[in-house]
Amino acid sequence: MGVLGNYLYVMIIVLVLVSEVRSQSLKNGYYSTSCPKAESIVRSTVESHFDSDPSISPGLLRLHFHDCFVQGCDGSVLIKGKSAEQASPANGGLRGMEVIDDAKARLESECPGVVSCADILALAARDAVDLSSGPSWKVPTGRKDGRISLASEASNLPSPLDSVAVQKQKFEAKGLDTHDLVTLLGAHTIGQTDCLFFRYRLYNFTVTGNSDPTISPSFLTQLKTLCPPNGDGSKRVALDIGSPSKFDTSFFKNLRDGNAILESDQRLWSDSETNDVVKKYASTIRSLFGFRFDNEFGKAMVKMSSIDVKTDVDGEVRKVCSKIN
């Protein structure tokens, strides 16, 4: 193998071990003694915002996802600044920061300096799904907040233009497999996107100006009505037109039927490996035998929310989520 090969091998093993140690620092009920009301405070805060605007749920879910994929699940996406993650084009349209800030203010009043912003994000994402008729799951807590937030590091976030191969690569880099990829993208069962991000599929997908052939004809007509060629690119369209505010398996049935909004989502149907997972979630019969999306989604979220968590050594508990102490 050689000296360099041995060195690289050892470094990979060290990185894996460090990652495992960090994820093992998380546990259910981490705040049971230090801040017993922590989870109920986050829940009531999310519920209050949800009652006035249910569309906040996909916003909180996306916020947690974007946090974990850059610097790990450390609340770095919440930090404000000209060169911070929020300034990246990939983080355009992020929502839900005010919910996290409200929860943090209440928690600081209840138990100052105890609950991290990173944990609030993870708990809020779970509660947002639950409030949208989706599953609930136990969220291991104990994350610390990171001190670094750079827009340049957000450029590698998953994109609606990514091929399945690129999507797999980006997820694998975070320790997530193909099953996790398809499961987590099922979050698109709620939420919206701008016409700008998929209109090219309707009018100029090919050099001759034709539409994306993977879109079903009836759905194509519907989308062209919603997003005319010279219309407002910022117009919002539900990612799951069938049941836009309900967390269910309708998204996967859309992929099967050629009714996905984003190209990256529809491509999951054309890849044999991802297609297998999509079929299982889209099938009513299979779900009756235990391969249930709601169960699998909770497992995938726990796995994702353990990515590169910070400990006392390289993190802190911020007093205000938008800036380091």
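Any Cβ shown, glycine's included, is placed from N, Cα and C.
Between Cys73 and the candidates Cys35, Cys68, TrEMBL annotates a single disulfide bond, the one to Cys68. A C-beta separation below 8 Å, combined with a sequence spacing of at least six in one chain, links Cys73 (disulfide bond) to His64, Asp67, Ala118, Leu121, Ala122, Arg143, Met304, Ser305, Ser306, Ile307, Asp308, Val309. With respect to their backbone Cα atoms, Cys321 (disulfide bond) and Cys227 (disulfide bond) stand 37 Å from each other.
Counting other Cβ atoms within 10 Å of each Cβ, the lowest count among the disulfide-bonded residues Cys35, Cys111, Cys195 belongs to Cys111. Taking Cβ-Cβ distances under 8 Å and a sequence gap of 6 or more within the same chain, the neighbours of Asp248 (Ca(2+) 2 binding site) are Ser133, Gly134, Thr189, Phe293. For Ser76 (Ca(2+) 1 binding site), applying a Cβ distance below 8 Å and a minimum sequence separation of six or more within one chain yields Asp67, Val70, Ala84, Glu85, Asp145, Gly146, Ile148, Ser149.
Model confidence over the domain 'Plant heme peroxidase family profile' (25-325) stands at 94, taken as the mean pLDDT rounded to a whole number. For Arg62 (site 'Transition state stabilizer'), the same-chain residues 6+ apart in sequence whose C-beta sits under 8 angstroms from its C-beta are Leu94, Arg95, Gly96, Ala187, Gly191.
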